[in-house]
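Here's the structure, in structure tokens; my notes come after.
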Amino acid sequence: MRVVVIGAGVIGLSTALCIHERYHSVLQPLDVKVYADRFTPFTTTDVAAGLWQPYTSEPSNPQEANWNQQTFNYLLSHIGSPNAANMGLTPVSGYNLFREAVPDPYWKDMVLGFRKLTPRELDMFPDYRYGWFNTSLILEGRKYLQWLTERLTERGVKFFLRKVESFEEVARGGADVIINCTGVWAGVLQPDPLLQPGRGQIIKVDAPWLKNFIITHDLERGIYNSPYIIPGLQAVTLGGTFQVGNWNEINNIQDHNTIWEGCCRLEPTLKDAKIVGEYTGFRPVRPQVRLEREQLRFGSSNTEVIHNYGHGGYGLTIHWGCALEVAKLFGKVLEERNLLTMPPSHL
């Protein structure tokens, strides 16, 4: 069975690992390849701050809530293990701030120690009148991609730097199953009017005294269009842009100033922080994740395609749950082709 995963961000690599982990012992041979025109450190995942936190609004597809929960549980199970540091994984606590009272998020029982802020805590943030505190997880994208790449390499998965122009090209190259994890560029392979870029620009600073994340919410401007501060293992991420439809990959000085001024107002000690990097990336924005099977016919043969893209600004938050779902769909393909000799492990 020849499987090609297109895309080498967190969605592509985690999906490749999940499939190989669950089927290598029951499907011989299982040949998995990863095709991508961008590998770490040049993917959208590399730009992500890495905080596990879904959007505050409930997803239109209830399955997404389950995939978020599965991902949190998977990551939490690695806390305290020798893998955690190499994965870029660590617990982090912090604040979500609002200018008015809002309902509790649907994920309040997924994270640890969720509670509303006290009046004394709100005194620290004079521009805000309401908020939450909880403990979550940081999963640093760049380090996690390196870890995933190492795990896949150990398993014999091969990586190819190439720009895929069509599914037909991959199918005619011998792929039995194609896993489409192309993120914001999925429309190149198959038109998808629901998919748009959500441009984000971030500033990385050296500010080791900052230990808590602070995410502000402006209900009129929308998600991630107000300041946020997220400490990581090596640096602190400052952000506050979410520009739907903007394909400009060049850092913008106006966005820089907006982010810097907003975050320094939120945390004045940042004025003394050294800027160590600035990056722009595109969140693959879609009303809901596209995770489904599709059969495409090229010449006289059918090729199975499993789509897994459109994760918006929460790819790291939902990635493992989606990988598990793709693995289930892959298992159904094998069953239909009578290729599964025994049940796969861990499904």
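Backbone N, Cα and C atoms are what each Cβ position is placed from, and that goes for glycine too.
What Swiss-Prot annotates here:
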BINDING   8-11, 37-38, 43-45, 49-51, 163-164, THR182, ARG283, 312-313, 315-317  FAD binding site
BINDING   GLN53, ARG283, GLY313  D-dopa binding site
BINDING   TYR224, TYR228, ARG283, GLY313  D-serine binding site
BINDING   TYR228, ARG283, GLY313  D-proline binding site
REGION    1-16  region 'Required for protein stability'
Whole-number mean of pLDDT values that fall within the region 'Required for protein stability' (1-16): 98
Cα-Cα distance, maximum over GLN53, ARG283, GLY313, record's D-dopa binders, Å: 15
Environment of GLN53, ARG283, GLY313, the listed D-dopa site - residues of the same chain whose CB lies within 8 A of the CB centroid: ALA48, TYR55, ILE223, TYR224, GLY312, TYR314, GLY315, THR317
The one of TYR224, TYR228 whose CB sees the fewest other CB atoms within 10 Å, among these binding-site residues: TYR224
Neighbouring C-beta atoms (10 Å sphere around the C-beta of ALA8 (FAD binding site)): 29
Distance [Cα-Cα, Å, rounded] between ALA49 (FAD binding site) and TYR228 (D-serine binding site): 10
Any further residue of that chain within 8 Å (Cβ to the Cβ centroid of TYR224, TYR228, ARG283, GLY313) of the recorded D-serine site: GLY198, GLY200, ILE223, GLY239, PHE242
Spatially closest candidate among THR43, TYR224, TYR228, ARG283, the listed binding-site residues, to GLY313 (D-dopa binding site) (Cα to Cα): ARG283
Conformational class of ARG283 (FAD binding site) under the three-state DSSP mapping: strand
Any further residue of that chain within 8 Å (Cβ to the Cβ centroid of TYR228, ARG283, GLY313) of the recorded D-proline site: ALA48, ALA49, GLY198, GLY200, ILE223, TYR224, GLY239, PHE242, GLY312, TYR314
Integer Å distance between the CA atoms belonging to TYR224 (D-serine binding site) and ILE11 (FAD binding site): 21
Candidates GLY313, GLY315: member of the binding-site residues with the richest Cβ shell (10 Å): GLY315
Surrounding CB atoms that lie within 10 Å of the CB of ARG283 (FAD binding site), all protein chains: 26
Of THR43, ALA49, GLN53, LYS163 (the binding-site residues), the residue whose Cβ has the fewest other Cβ atoms within 10 Å: LYS163
Three-class DSSP secondary structure - TYR228 (D-serine binding site): strand
